[in-house]
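For 12-31, 37-57, 78-101, 121-145, 157-174, 221-238, 303-330, 342-364, 371-390, 396-419, 431-453, 465-484 (among others), the entry in TrEMBL reads transmembrane segment.
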């Protein structure tokens, strides 16, 4: 029952994340202009890179609080030490961005609307907010480790409403990018304080705050996992942000805006899958720490078929309805034309990124980070020169192809190695054919058929959205019915989570 509630809470949180993106991004573009949105896109790149400073501590806190083999007193000590370290990280993040704001604005971003001085001010405000973004995510990670996902998602949704929703009302009356960033920084600071109070209450039984000493014994106990997660964070940040970073340097800033729109749309695939991952990680941690490997394998098998079909169903719609989806979203034909070619390529890459989630969960539940580090470091040898060469020669579309290719290779290696290491499974049929290749072919084939059915895009954007949503639903259920016995399909879905309790 707990895991069902957590999963439902995670889906509410991620559903809001998807809805807020679809609702607010067009408003930002309409009120502030596309060049301003491109600066906002660059702020997301900076935020993504600053995750490196997390140093693996959020994942470490979540894992340590989820472990069933530690007393609550030990968990209190771990939280106190890691929180103190995190305060120092927050200050370091803000200081670094402040220090380099002038260099970035003068030598990296080319804007026809804003001067380098204005951009420098924006970056300073962004830096303040990013520091507290890291802190609030640290606290939310702690709540997730305690399996308090309902509270975590309530905080995250409320924060998002104030940060991304209320600001839309403010810029309606004060259409200024500076006002936009100031409000977001204020909202994030406020909710970082609130999240900290709630987590301290859950762990310590009160809201009192003390700047604790850093206990070396705790750091020595957790450093190996944290350092592994730090290296993963560095590699992940570079791999996920390097394409956008190069675009912002090599091409006019508006190209970053178009590319980011395509990435934002495509990442909805990942967002739909993430709630399951977040809910399952503590469960996998409990199962493996209790040496219940067979139960973990049974849970993974049940998750894989449903989630993979979901991934490929959404991907198929993005491939065959890319222009329509962008136009429905923004209401702007020109933006849709400029963005549509990126979506199919990036969505395939995101689909294979999503396939890595459960193998990654299995690895993290066992405290194993070596493979992720090896794959990440190995991929950097291709992405660092690859993005620069491809984007310089072919534009942003070159970056999309590099991203897609890297995710395809990493996903296949990850699936094979993790299954072999923890479950002894090496069968091509069991690892690739049944859970990946067949669902991919079926969903693409059904999506291709739906793309030829006369649509009503030109008539009404709302009806068009309903039609594409209906198409995705049909693709999902038709594929599910083909790949699992018809009489068991509904029960299969109902029992997916309850069987893990």
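Using N, Cα and C of the backbone, Cβ positions are placed for all residues, glycine too.
Recorded stretches compared: 78-101, 121-145, 371-390; the one with the most Cβ pairs under 8 Å to the transmembrane segment (37-57) is 121-145.
Against the transmembrane segment (396-419), stretch 342-364 shows more Cβ pairs under 8 Å than any other of 121-145, 303-330, 342-364, 431-453. Outside the transmembrane segment (431-453) by six or more residues, the chain places 304-305, 308-309, 312-313, 315-317, 319-321, 355, 412, 415-416, 419, 425, 471, 474-476, 478-479, 482-483 with a CB less than 8 A from a CB of the stretch.
Long-range contacts of the transmembrane segment (371-390) within its own chain (CB-CB distance under 8 A, at least 6 residues past either end) are made by residues 228, 231-232, 235-236, 238-239, 242-243, 246, 250, 360, 363, 398-399, 401-402, 406, 409-410, 413-414, 417-418.
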